[in-house]
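Participant: What TrEMBL records for this protein is below:
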- 108-244: domain 'Peptidase S54 rhomboid' (DOMAIN)
- 31-53: transmembrane segment (TRANSMEM)
- 117-138: transmembrane segment (TRANSMEM)
- 150-168: transmembrane segment (TRANSMEM)
- 174-195: transmembrane segment (TRANSMEM)
- 202-221: transmembrane segment (TRANSMEM)
- 227-245: transmembrane segment (TRANSMEM)
- 272-294: transmembrane segment (TRANSMEM)
C-alpha cells in the first residue's frame, strides 16, 4: 500500500481448489468443519470493526483524495491513492494491532504478533485470504479435525509474524497469509510423512510444490510481506509432521486379525523420526527467534541477502519506496 503498510498477499490463490487429493481412502473418521468457517467469520467481523473505527469521512484529511464509496458512511474506504485495496488507513491498522517491530521489540506489545493476523489491508486482501482459507482449510479440517488444524493455523500465523518482525522493521504488516501458508506447508509434510498411503505420489507432490512455489513467488512483489509467508510455511511444514500422521496402509484391517497373526504397527518408523525431528526444530526455532526479536535484533544483519526473499527490485519498482 502507498501508506507504507505491508499486506500479506495471496494473489493467484484461486488455484487452491485444485490441490491434489491422490490419497487412498481409508475408514478414517470424516470431521464436520466448523473452526475454519468460524475463522472466516471472525476475520470478516474484525474488518467491519476496523472500518467502523477508521471513519474515513471524519478523519481523512483529503490530501490523497476523497473517501471511496461515501454512501457507506463511516465504513467508506480510504482514497485509492492511499489504499488501493479498498480498506482503512495505515494509522487505523496500527491502532488496531498491526505488526510493528518497534512496538513489539521495545514497546512491550508482543500481542501484536497475534492480533496482526486477524487484520486485513482492504476488501481485496480480505476476500483473497478468506477464499483461500475456505479452499485449503475446510478440506484439512474434514480429514484431521478442528483441534489439529486450528493449532496449525494459529501457530503458523504466530511463526509468520515472528519472522516478519525480524526482517521487516520499517513498515507495519497485517494479514492471515502466514497462517494460510502454514496450512499449505502442513499439506506438503502430510503428503511426505504419509507417503505410503498415496497413489499417484509424484503427481500429487509436483502439483502441490508448484502451487506453493507460485504463491511464494508473488511475495517478491513490493508491499507483500513474504517473510510472513515463509515463516508461516516453515512453521506449518514442521507442524504437519507432528500433527498430521495417518496410520500406514493396511493397519486398520490387520489390527482385527487373529491373535497369532502378524499385525502391522500403526505408523512407520520414519514417521516417528520425522515427528521427533520436527518437534525439536520447532521448539529451537521459535525459542531462538523470540529471543532475537525481544533483544531488538535485525535479521538482515545476520543475512545480507535475505531481503531479496520479500522484494526483488526491478526497473518498475523500488523496494525501498
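Quick reminder: no glycine exception, Cβ is built from N, Cα and C everywhere.
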Participant: Work out, from DSSP, the number of helix, strand and coil residues along the domain 'Peptidase S54 rhomboid' (108-244).
Facilitator: 107 helix, 4 strand, 26 coil
Participant: Considering only the recorded stretches 150-168, 174-195, 227-245, 272-294, state which has the highest number of Cβ pairs under 8 Å to the transmembrane segment (117-138).
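Facilitator: Ranking 150-168, 174-195, 227-245, 272-294 by Cβ pairs under 8 Å to the transmembrane segment (117-138) puts 174-195 first.
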Participant: For the transmembrane segment (174-195), which stretch among 150-168, 227-245, 272-294 has the most Cβ pairs under 8 A?
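Facilitator: Comparing 150-168, 227-245, 272-294: 227-245 has the most Cβ pairs near the transmembrane segment (174-195).
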Participant: What residues in the same chain, six or more past the boundaries of the transmembrane segment (150-168), come closer than 8 Å to it by Cβ-Cβ distance?
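Facilitator: Residues 6, 8, 35-36, 39, 99, 101, 104-105, 112-114, 116-117, 137, 176-179, 181-183, 185-186, 225, 227-236, 239-240, 243-244, 286, 289-290, 292-293, 297-300, 306-307, 310.
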